[in-house]
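Have a look at the structure below before the remarks.
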Amino acid sequence: MGMVLFACLLLLIIFPTCGYAAINTSSPLSIRQTLSSPGGFYELGFFSPNNTQNQYVGIWFKKIVPRVVVWVANRDTPVTSSAANLTISSNGSLILLDGKQDVIWSTGKAFTSNKCHAELLDTGNFVVIDDVSGNKLWQSFEHLGNTMLPQSSLMYDTSNGKKRVLTTWKSNSDPSPGEFSLEITPQIPTQGLIRRGSVPYWRCGPWAKTRFSGISGIDASYVSPFSVVQDTAAGTGSFSYSTLRNYNLSYVTLTPEGKMKILWDDGNNWKLHLSLPENPCDLYGRCGPYGLCVRSDPPKCECLKGFVPKSDEEWGKGNWTSGCVRRTKLSCQAKSSMKTQGKDTDIFYRMTDVKTPDLHQFASFLNAEQCYQGCLGNCSCTAFAYISGIGCLVWNGELADTVQFLSSGEFLFIRLASSELAGSSRRKIIVGTTVSLSIFLILVFAAIMLWRYRAKQNDAWKNGFERQDVSGVNFFEMHTIRTATNNFSPSNKLGQGGFGPVYKGKLVDGKEIGVKRLASSSGQGTEEFMNEITLISKLQHRNLVRLLGYCIDGEEKLLIYEFMVNKSLDIFIFDPCLKFELDWPKRFNIIQGIARGLLYLHRDSRLRVIHRDLKVSNILLDDRMNPKISDFGLARMFQGTQYQDNTRRVVGTLGYMSPEYAWAGLFSEKSDIYSFGVLMLEIISGKRISRFIYGDESKGLLAYTWDSWCETGGSNLLDRDLTDTCQAFEVARCVQIGLLCVQHEAVDRPNTLQVLSMLTSATDLPVPKQPIFAVHTLNDMPMLQANSQDFLSVNEMTESMIQGR
């Protein structure tokens, strides 16, 4: 009998600590209880920060230690009673009661329904739901603290003055509101702004479709998790973010020190993606009006071109807040000389890699020339910028908080009196005349030394390659290649690759070759060059291009390939006339051939190779239209048991890069599969991933494919000019395989062997999920290159360096 009583007592003790599914009038949440989200991602309950005696109701990540609190209900009013509880009142509002049953905190709004309950969703949103209608009566996502989760948002509404902001904790042990807040401004376009009290502390620059233009290291090729929606007519705007990584949990937080941080969980610990501000130059207005903060090491303040310190004494003491003043007054005769600038007309000085000043105004000019003319014709216009993803911005008045980045900034044109540049030119002539003779002598000496260095370097290169395992690959002399290509004649140029031009050549024995000439500015250095030679020399497959040899001559580096008569696949499928030469059977054969080449790289060769830059222009076609995978400069070899790797240098072509690779630098067989899926859909549809837009919402190719598959099974995705040559079920099957290859999560994508099996058999296919880039409009996607040539850019980030091509 005693054992039974003990068991009952034990159950009574344990029961209150169990997680609740919901809170209602009859089931309040006590201090010893918690409320879990259905999937177990988040938990709500009472907590004491840093082991203080104060109790708060908060939400945190359930399975992560140490605890990270993402929302607090009673920030200003902690409870100390162990009898406190959270419940639903008779009028439907959520209330927190202390031990005396006094209301400590509430949602502050009474509802007509008293039949409701509160639950915690898997998004981390704590909601009060009407049991009758199912409507949300209140939600924590509309009452943010210091943290944003995916699907929550900052907002403003100028019609009623409302805004939703993040507010810091006062300290790590005190969740009451601190002195810093993060908001989005009602400017067009908006920008993120951290305030210290009411004073601007940091800003991220105007929004440019996929990025905030004032964050260093992030340019138009950045794969952004952010999204901004503004309705100019309604005076509303919102900012949110989504998790593009291969992980479920992430958050944006504002620390008590005023730093905005973005973190995600990789399964072991939290990874920091961004932390802003990160440099003294990021602090608002550090160098005063018309000052320029240069992010050098150490950072320094300068005056903008044509300006001088307002107070030399204060400037010399390091007190730069008074800023600078114009050295020469503007002539402002622009209106009378719109077409021809006289000698007294104001001019614009171009600055590069700049965080543009605050207090911009959007001007609806259609191009940069109109933007320039509009500013020139307005005497109060002190500067203008024409930014990709935004358009024309102008500044009327002081230029405040201008920052000089080392790279990845914007162009800014500041208005100056013409005499400013004229004086500069005269000084340059004097200096140039004085030192020209010295420079000439130095150059002669340098040329001699460079010649000697190149001779030694050339020998070193050759010796280096001799030590490598490059059997079957010949070394060609430069004069042989120059003769074969008619001295790299423009008429022999086949195209432009990501690392330089490609030429057609003919050797003395009549054999035709393709010559890849690596540009010194291309970004492919010694590592990529060595990589491509050593890799391809070991790879032999009918669906891989064959390397015949290489050439090194000083700074010149060349690769010599077998010549492909039909050049690359993109020439055919995107050309309105040539596309008819590739009917559906040929396209299906090309898809299968690429898959076989990938299978060889991933599974069947003696090396396991991840290509990392699979795209339509890297598929060459022989005289029978058989595909051959080319361009192995970015490829990586894996060890026998290795299936995944990561890199700080993310390289590839935007649109083809998988989310986990573009965002986290993780690459594997599955990242090549993602690229293959995009490539498949381009071959089927005849539409470029980087150019195709459809619908009022400017959706891209993946969204178009998803809609096609949902509506017709995908059979209508095929280029309509080719429908007479195909079997609809075969096209629909390929579309479904393509969608499976571009799944957001790598684990949901098939491997290469499975893909080839799907293409060559009639087995049932899994049902694909909606691709992540089909959820958002094209405006929410990363900016993609708009021409057939590859574009190389370098974007340095906290965790990785992205190079889009």
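Placement of Cβ uses the backbone N, Cα and C atoms for every residue, glycine included.
The record in Swiss-Prot lists a disulphide bond between C392 and one of C324, C332, C371, C375, namely C371. Residue with Swiss-Prot feature N-linked glycosylation site, selected from N319, N487: N319. Region 'CaM-binding' is the annotation Swiss-Prot gives to one range among 397-414, 577-594, 649-666, and that range is 577-594.
Swiss-Prot marks one residue of Y247, Y251, Y290, Y600 as phosphotyrosine, namely Y600. Annotation in Swiss-Prot places C381 in a disulphide bond whose other cysteine, of C332, C375, is C375. Among C287, C303, the one Swiss-Prot lists as the disulfide partner of C301 is C287. According to Swiss-Prot, the cysteine that forms a disulfide bond with C293, out of C281, C324, is C281. Neighbour density around each Cβ, counted as other Cβ atoms within 10 Å, peaks among the modified residues Y600, S617, S630 at S630.
Neighbour density for S537 (phosphoserine): within 10 A of its CB lie 19 other CB atoms from the protein chains shown. Across the structure, S630 (phosphoserine) and S617 (phosphoserine) place their CA atoms 9 angstrom apart. When other Cβ atoms within 10 Å of the Cβ of S690 (phosphoserine) are tallied across all protein chains shown, the result is 21. Tertiary neighbourhood of the domain 'EGF-like' (277-313): same-chain residues 194, 199-203, 216, 258-259, 320-328, 349, 351, 358, 398-406, 414, 416-417, 420, selected by CB-CB distance under 8 Å and a gap of 6+ residues from either end. S537 (phosphoserine) sits 14 Å from Y600 (phosphotyrosine), taking the Cα positions as reference. Y600 (phosphotyrosine) and S617 (phosphoserine) have their C-alpha atoms 20 Å apart, to the nearest angstrom. Per DSSP, the secondary structure of the domain 'PAN' (332-418) breaks down as 14 helix, 35 strand, 38 coil.
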